[in-house]
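Database features (Swiss-Prot):
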COILED    1008-1035  coiled coil
COMPBIAS  211-223  compositional bias 'Pro residues'
COMPBIAS  857-866  compositional bias 'Basic residues'
MOD_RES   Ser212  phosphoserine
MOD_RES   Ser216  phosphoserine
MOD_RES   Ser257  phosphoserine
MOD_RES   Ser258  phosphoserine
MOD_RES   Ser294  phosphoserine
MOD_RES   Ser325  phosphoserine
MOD_RES   Ser845  phosphoserine
MOD_RES   Ser848  phosphoserine
MOD_RES   Arg987  omega-N-methylarginine
MOD_RES   Ser1110  phosphoserine
REGION    207-258  region 'Disordered'
REGION    844-956  region 'Disordered'
TOPO_DOM  399-424  topological domain 'Extracellular'
TOPO_DOM  491-494  topological domain 'Extracellular'
TOPO_DOM  543-585  topological domain 'Extracellular'
TOPO_DOM  607-612  topological domain 'Extracellular'
TRANSMEM  378-398  transmembrane segment
TRANSMEM  425-445  transmembrane segment
TRANSMEM  470-490  transmembrane segment
TRANSMEM  495-515  transmembrane segment
TRANSMEM  522-542  transmembrane segment
TRANSMEM  613-633  transmembrane segment
Amino acid sequence: RKFIIANARVENCAVIYCNDGFCELCGYSRAEVMQRPCTCDFLHGPRTQRRAAAQIAQALLGAEERKVEIAFYRKDGSCFLCLVDVVPVKNEDGAVIMFILNFEVVMEKDMVGSPARDTNHRGPPTSWLTPGRAKTFRLKLPALLALTTRESSSVRPGGTGGSGAPGAVVVDVDLTPAAPSSESLALDEVSALDNHVAGPAEERRALVAPGSPPSSVPGPPHTSPRAHSLNPDASGSSCSLARTRSRESCASVRRASSADDIEAMRAGALPPPPRHASTGAMHPLRSGLLNSTSDSDLVRYRTISKIPQITLNFVDLKGDPFLASPTSDREIIAPKIKERTHNVTEKVTQVLSLGADVLPEYKLQAPRIHRWTILHYSPFKAVWDWLILLLVIYTAVFTPYSAAFLLKEPEEDAQTADCGYACQPLAVVDLIVDIMFIVDILINFRTTYVNANEEVVSHPGRIAVHYFKGWFLIDMVAAIPFDLLIFGSGSEELIGLLKTARLLRLVRVARKLDRYSEYGAAVLFLLMCTFALIAHWLACIWYAIGNMEQPDMNSRIGWLHNLGDQIGKPYNSSGLGGPSIKDKYVTALYFTFSSLTSVGFGNVSPNTNSEKIFSICVMLIGSLMYASIFGNVSAIIQRLYSGTARYHTQMLRVREFIRFHQIPNPLRQRLEEYFQHAWSYTNGIDMNAVLKGFPECLQADICLHLNRSLLQHCKPFRGATKGCLRALAMKFKTTHAPPGDTLVHAGDLLTALYFISRGSIEILRGDVVVAILGKNDIFGEPLNLYARPGKSNGDVRALTYCDLHKIHRDDLLEVLDMYPEFSDHFWSSLEITFNLRDTNMIPGSPGSTELEGGFNRQRRRKLSFRRRTDKDPEQPGEVPALGPARVGAGPSSWGRPGTPWGDSPSSGPSSPESSEDEGQGRSSSPLRLVPFSSPRPPGEPRGAETLTEDGDKSDTCNPLSGAFSGVSNIFSFWGDSRGRQYQELPRCPAPAPSLLNIPLSSPGRRPRGDVESRLDALQRQLNRLETRLSADMATVLQLLQRQMTLVPPAYSAVTTPGPGPASTSPLLPISPIPTLTLDSLSQVSQFVAFEELPPGAPELPQDGPTRRLSLPGQLGALTSQPLHRHGSDPGSAVWDWLILLLVIYTAVFTPYSAAFLLKEPEEDAQTADCGYACQPLAVVDLIVDIMFIVDILINFRTTYVNANEEVVSHPGRIAVHYFKGWFLIDMVAAIPFDLLIFGSGSEELIGLLKTARLLRLVRVARKLDRYSEYGAAVLFLLMCTFALIAHWLACIWY
């Protein structure tokens, strides 16, 4: 479909939308068609029938539907016959609000032999046009209703005309017969065809109001700044919509782009640009509808019963052949990917590969591999790894099962004796598995790997060495076929134990499956599989224990005997019979699962000591597995609901913000709706923060990918270099807008250029829709034509969900300054679909001095050293800001108002030589504080400005600029003005000082050579100072290290600072720095590179109180004390571990001996016979008591560190500190109660007193707290604590 939409309420029924099919049909861009009359007189030519044109105009005037065949001309001059279908769209009250004109090509006319061509069509024929591209346009009915109500509320009441707002001009179409007025306008074309077209004069009224200045319909718009004139023959169009008989009053057409208005200013050759016409007279019948401005009327007009459904679609039904980017343009997106030829199987390999060293895509390389060498990321290796994984899983399941259940079964033995090894299916499968494992070893010897430098190693020798140092031993042990080696020897138990060596391969599999730990579902599945596998192993062990005790047990109390009695299959006296293998395995698996998940149900219970001990171990393992699985499940669920929790938290903040500031309900609803939509679109993630976490080179590639559609399909960006596109992509910002969101308000500064990527927007002036824009449209203002940002002449509102790319004017101009060869192409190709700049709000903007001289040539702006905070001067007519003067070039400082800034002597681009001369001339002139609005006299110098030479266009700061803030007190021999010059460098870490502090007598900008020489001097002074400080510090620290070698710890040579003043060690001052002081030296010491100090030197603290080094006398006094033991000595560490083992022994055997051994008859008889020495535990307890007493003596001579982190070695202070601390606990735990109360007969009292040794566990727990940061150590300590508490409770239970 090819159609246009015109607003019936706007002057001349201007076009507010045209789809891509119409643009392709006529050859004009959307920017050239917007705001033109819907009669399409710009398509008329010599063969256009005047009668057909008059019929279209009559249909528009009469607001009636009509189909007309008419000959139109394309932009290249070719003619075609078209069927135009005029469809008026009415609101619920029957008033026409818009027209839809549909165009269907009937046939093409051959215009080769035609001598006459329309003057409107002078462009050369283009070869990329494809006639008849079918594209549709879809706009929902609520948008049309909203358009109706907005337009209805913008018309003045009454029937008299008047001057309306410039952006909201409406046209009155008289629908009833009336007497012709002398002020009425007639159509020349209709009057010329009176014999053919009959109709009253009131049906031929114009769509414009009288009194408009005479003007001709302009030709096709030219947005290029290099165009110098409009088409002088454009006024000779064959069909004009409205023209007065005196040719003195002709309505103008307001176009989307204002380039024609600007070009009409030049040289006085053309009349002044047209303005909006006055509002025409209102008909009494329509005033009731148009006067509806209240909310109730607007709601009443939103009914849809009387309006037909009209669908408009922005989506193309088939691709544009001329929009397809060439090969050079398509290479901008991910250029590195095209250099590789990976097929689909390799992509699948990267997903399925189990190798831990698979390279990421951007590091893949094509190494030179030897023959029969396999790449570790090849498809074959991926498939082989999965096959080995399946074999390992088979081994983990069937190896314990066969070792426990099958080796000693009578039927299995009889079958093996009859037909040999081949009769066992599992044995054959095991043999195949062993062969596969051996083949895997051979493959691993020829498989590449990635070394520490991320290089693919393919040399066979290096691969073999790497494999020998890694997994070779485990793989070799797991691949030994023990069944064949020991087959027939009769030692089935040995075979079963040796076959379990295959389980070692599970370690390697666990390492490879660790990559899936980031997926919640995968972790849960692996945990459940691990739980089931451990239960299977424990079931095999449980059966092995019962089977081992079954032949030697006469009491028949084992779990197998109980199982046989329960199911009616008891064992006979010879040990035969009993339950089947299936019954045994299922019962064992049931017991292990019930013990792992709970305490069991009692129907299968342990009876023998071996079974009970194993049950204890099962319950201990079960508690750990139960906690780990449910802990991970809780974490997975929490992770799943983390987004919901964040949403509710952020929503609560929004509501608290609304409540605190008492925001009214309409604005509150907008806030909540926007928050909900933004959250659904981004899930609460700051995409910009995520992007900034990557390096700049990767950011550029990502931005290039995000903006690939815009850069490929937008005409101005075609032909740009990759570097230019990367720079532009970094500057673009993506904006998402929901329906009804206002992107730009009327009167806002136009600081950016917008490119629509998806969706549709409407532009309103007041409540009148003046344009509807869609995909690939551009709106904003032509930045190259204006030195200052203008103000918007309307509101920009989203009709659907929209994605827009915007770039700020400063960013765009900065990139174009860096790529001047692309700048000319960009400005000449840029076609802004709708120009939002309001020229009426800026007096004299189109014909002002800002454009008059600057339009004749391309503007050159030097923005490389311009700060983002340096704004342009205020616009004329506004109150000037009485703030700091702007430093740099601006429109207000280039000349007087009324003088073209381009004609200023300093306006043109200057060479580096002229820049230097100019800088030298300015260096002696004073800097003046000039307000923004005050003009500068022509002869007055511009003062201190930022560097704008062509050679200084880099966007980076000077390497020394970061240090200026730290050494500003030292290098004060430069003037303040020079320091401020370098504070003007962009994006420097040092904040720019306020310009109000600049003295009026400050010198201007220094020449560039002088600046560079002073920078070199500053660099030399910094290097000299750093070298001297490093040498002095190294010397001092070497002297101190000679004394610190006597004391092991690093903090032993550090004492607290005294109350005296800081050290004032003399330092040689540097001659060019007269202001070098100790305070400034302390500042310099903050950035001295301590990495250059000698190795082993202690690191001096820079925060907090300064510590002074201990004196040699203190060190000597420290070493003069005899028999001191320091806490960091190796002997002290060994002694502490020995005491720890003794404490653990005490914690285990003291409750056991107190509960089980003291009142046993055999123990009492043995003690009565040979005395105390006959009890082994008693002897060990005596040795433990002696060791604890020795530990008390050692603690009296062990140094400690006080609260000031000083090493205390005085014996008296050590004794006082020990008496206040652990002495009482250590003394009670070291008392030998066995010897003191031996022979008294009070065994219960001895047992209770011996438990006092457990007090040492408190001290041990304090020392073991340092291992709390290691997860495995904490888990091991928790398990040991659990077992120890169970042991104590068992002793108490006894």
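Glycine is treated like the rest: Cβ placed from N, Cα and C.
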Whole-number mean of pLDDT values that fall within the coiled coil (1008-1035): 84
Tertiary contacts of the transmembrane segment (522-542), as residues 6+ beyond its ends and Cβ separation under 8 Å: 396-397, 400-401, 403-405, 513, 516, 559, 585, 588-589, 591-593, 595-596, 611, 614, 618, 621, 625, 628-629, 632-633, 636
Sequence-remote partners of the topological domain 'Extracellular' (607-612) [C-beta within less than 8 Å, at least six residues beyond its ends]: 542, 545-546, 548-549, 553, 557-559, 562
Contacting positions for the topological domain 'Extracellular' (543-585) when only residues 6+ beyond its ends and CB under 8 Å are counted: 401, 404-406, 408-410, 591, 603-608, 610-611, 614
Number of helical, extended and coil residues in the topological domain 'Extracellular' (607-612), per DSSP: 4 helix, 0 strand, 2 coil
